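J.: Dropping the structure in here first, questions after.
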């Protein structure tokens, strides 16, 4: 189909590059067969569930044709001008493709390609975030000060704070709908280098952690008189195209991956943190459950009480927030000002070592990038230094006697070799004696 190849931008391998759904809809409307099938599908979906719709042969035929149209592969961009319209078009197709109520739904948004390190490089304000050099600083307070120096951040933050803090009546604490809208505008329109600092600032004391918890004015945006069931909250969220999309995006980017170094899909902390921030301002709004500095735990305002035979599914849904190593690692990495180092596409050639020696384990570029706590005890890999002194396996270039503190767990791909400094010093001393030998021989001859 010419329309599909133009919209999808197929390359020589036949892979289809998604276009945004608003544009895909325009291309479909320009072709009579596509537009008529799309109208049929919309009528089929009106007031019917998936099984009822697919029982109708005309509806089924329309869906099969549209799977070959640009609408099938279309995606949306968070914060785009016509985001809601784009998402409505996306779900009008994909509602008919899903097998009922799936636990995880695919994200309708374009994949995130940026990383935390990109944010660190772009934002000079992060220069004071290094915990090693500024450990006594309240990073959450610093984040608020940085926001106030940016006109857009200051204005939109003031709007949501005043909106969420405004008491309506003695019985109504605030207008939650307006509060949520103001929060969405803040997190969608203010750059991540400001919003992330407010949401994910690292804390060394309880006062700082409480400031972090209060960032979204939880008394209005988060807490309520009763905690609803989490599955009921999820079902309510999925009736709204925007909330459903943000939740699907969170699951896509923060779902625990056991094939990655960080537990995050694609080892992308930025994608997870961005999708987490994206669900703030909806019924599914998450927040820190307390001001503890010992651990980081976030959750929507819900519980699994009253789940009946769905309790296992409910607990699984809740654990994606409360016990999610990907999300926790991403928050900690941002607070520490670090990002994961990925394997280079063209790794350097391994160093050639003498026979019958063991290779030294790979070392991370920055030990602070890892959450692993290394053992500080010194155990030499050679014979005991105390008893015999270090026995060195020498080559022309390397000395291969290391302590265990010099050999951290092999978690990073970049290979580095530690050279024993004492051995190096011995080698330099030997060279010095050899260079002085001709001079001594001349003196003896005289």
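Cβ coordinates are placed from backbone N, Cα and C, and glycine is handled just like the others.
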J.: Can you dig out which of the ranges 308-337, 338-367, 368-397 TrEMBL describes as region 'Disordered'?
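T.: Going through 308-337, 338-367, 368-397 one by one, TrEMBL gives region 'Disordered' for 338-367.
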J.: Which one is it: of the disulfide-bonded residues 147, 153, 203, 326, whose Cα lies the shortest distance from the Cα of residue 140 (disulfide bond)?
T.: 203
J.: Which of these disulfide-bonded residues has the least crowded Cβ, counting other Cβ atoms within 10 Å: 164, 208?
T.: 208
J.: How many Å lie between the Cα of residue 237 (disulfide bond) and the Cα of residue 264 (disulfide bond)?
T.: 24
J.: Of all the disulfide-bonded residues given, namely 28, 272, 314, which is spatially nearest to residue 147 (disulfide bond) at the Cα level?
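T.: In terms of Cα distance, residue 147 (disulfide bond) lies closest to 272.
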J.: Could you count the residues of the domain 'GDNF/GAS1' (140-220) that DSSP puts in helix, in strand and in coil?
T.: 61 helix, 0 strand, 20 coil
